[in-house]
Amino acid sequence: MLGSKKKYIVNGNSGIKAQIQFADQKQEFNKRPTKIGRRSLSRSISQSSTDSYSSAASYTDSSDDETSPRDKQQKNSKGSSDFCVKNIKQAEFGRREIEIAEQEMPALMALRKRAQGEKPLAGAKIVGCTHITAQTAVLMETLGALGAQCRWAACNIYSTLNEVAAALAESGFPVFAWKGESEDDFWWCIDRCVNVEGWQPNMILDDGGDLTHWIYKKYPNMFKKIKGIVEESVTGVHRLYQLSKAGKLCVPAMNVNDSVTKQKFDNLYCCRESILDGLKRTTDMMFGGKQVVVCGYGEVGKGCCAALKAMGSIVYVTEIDPICALQACMDGFRLVKLNEVIRQVDIVITCTGNKNVVTREHLDRMKNSCIVCNIGHSNTEIDVASLRTPELTWERVRSQVDHVIWPDGKRIVLLAEGRLLNLSCSTVPTFVLSITATTQALALIELYNAPEGRYKQDVYLLPKKMDEYVASLHLPTFDAHLTELTDEQAKYLGLNKNGPFKPNYYRY
């Protein structure tokens, strides 16, 4: 599949160009003291997506050692200090985590085995900004096996598993990330990945668009050598489309978020399992009979609603799109406006990708002990900033769980400060992440090896053939056997026997 230099051709006209405008406002970050005299790197940066995506299962919490990693002098066993992690001594534990993840990521391991002899990414210098977990480590090491040099930072302040970052640093990957970064730390880590003497990236792998945004703001000349951008999240994709619409996108970009393998597997199945895991670990709540409102009925919302319904919850849905709204109704959920149920629900979950979905007015009207959380990428969906006022008291009851108390004694339970719930408070299924990570790897290979002129300065969707290939790599895990078309059947349908089997407009 990867042996030919001729790669997949993406239909440049198939991208979804609908724009969702986000206000250019700075997000709320975890407030942590930084060393006096440090120059803030973040003052000119807006619209950050440093939402929470950390694991409750992490070997160490960020509070274990209050000394900032930036103030430590650390070296790995090879003598390299080109990294900044919480504690390099955690590398052995992190290596075990990575080895466990490899067992549930069959497609990436198969891709590593099939393509490492060819080295399709030889000469690639990839700078990445994603969630640094064991699954990401498997992706990074696969990219390295395929010939790429990588430098990596975390795409949000809570996502990093410290032991995994240490294991990557011990293996020689320049990683700049730790759990519980401050705002200044976040941008400093990204800058350390990008601003390196004698090393300049030629590929970007982003999740949320912050890395791309930083390079545009601080080092625009770097785009002269960058061949392309691969973006995973809805937030980052919207930012790319906005750049393209304004005529400011100067390199080709691949939209992984809207690929079939991301939308229908990562967004749906991942959230269907991890929403319950995150809520259980943080609240110990029984879901049977509880009233829940889910804001948004996209693939993430569908997964959340299905999981909660199966547990016996009474689920309401809010939605702006009449098509998604009709789907919710026919799936057995009651469609409401948030104001209609806000006084009675026990749990509020946002998954829209928009801003101020839950406002201070909504928060004021919630019942006592209502649980409020977000499982969309951005941390803008819940107006957490409006809760940071003198009349309200914040009480940290456990990691990633805050009680916000009103003067009359009413309290709400806010999870992960309104940031991404599932890996802030739990984990996500490794097998599902294998699907997304394989898609990212193939997108990087495609853009890096594409002949000049194949891709213009625009945002492209993955080709159907690539989606089908990713899916096929995961089928052996289930001992699944695909039916093959006969020549007569293929001719009747007008298809190639080897695919693609669906047109680009097909909705799975």
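Cβ coordinates are placed from backbone N, Cα and C, and glycine is handled just like the others.
Some features that Swiss-Prot has for this protein:
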- S4: phosphoserine (MOD_RES)
- 24-81: region 'Disordered' (REGION)
- 32-41: compositional bias 'Basic residues' (COMPBIAS)
- 42-61: compositional bias 'Low complexity' (COMPBIAS)
- S46: phosphoserine (MOD_RES)
- S49: phosphoserine (MOD_RES)
- S52: phosphoserine (MOD_RES)
- S55: phosphoserine (MOD_RES)
- T133, D207, E232, K262, D266: substrate binding site (BINDING)
- 233-235, N267, 298-303, E319, N354, 375-377, N422: NAD(+) binding site (BINDING)
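Shown on the structure are the features that Swiss-Prot records.
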residue	record	CB count, 10 Å
T133	substrate binding site	27
D207	substrate binding site	28
E232	substrate binding site	28
S233	NAD(+) binding site	24
K262	substrate binding site	26
D266	substrate binding site	26
G298	NAD(+) binding site	20
V300	NAD(+) binding site	28
K302	NAD(+) binding site	23
E319	NAD(+) binding site	23
| task | Specify the nearest of the binding-site residues T133, D207, K262 to E319 (NAD(+) binding site), where nearness means the distance between Cα atoms. | result | K262
| note | Among the binding-site residues listed as G298, V300, I375, the Cα nearest the Cα of D266 (substrate binding site) belongs to V300
| task | Would you mind pulling the longest C-alpha to C-alpha span across T133, D207, E232, K262, D266, which the record has binding substrate, in angstrom? | result | 18
| remark: argmin Cα dist to K302 (NAD(+) binding site) over the binding-site residues T133, D207, E232, K262 returns K262
| Nearest to T133 (substrate binding site) in three-dimensional space, by Cα, is which of the binding-site residues T235, G298, V300, I375? | I375
| query | Once the DSSP letters are reduced so that anything not helix or strand counts as coil, what is K302 (NAD(+) binding site)? | reply | helix
| How far is it from E232 (substrate binding site) to G298 (NAD(+) binding site), counting Cα to Cα, in Å? | 16
| remark: One finds that other Cβ atoms within 10 Å of the Cβ of I375 (NAD(+) binding site) number exactly 27
| said: Here's one to test understanding: among the binding-site residues S233, T235, G298, I375, whose C-alpha is closest in space to the C-alpha of K262 (substrate binding site)? | reply: S233
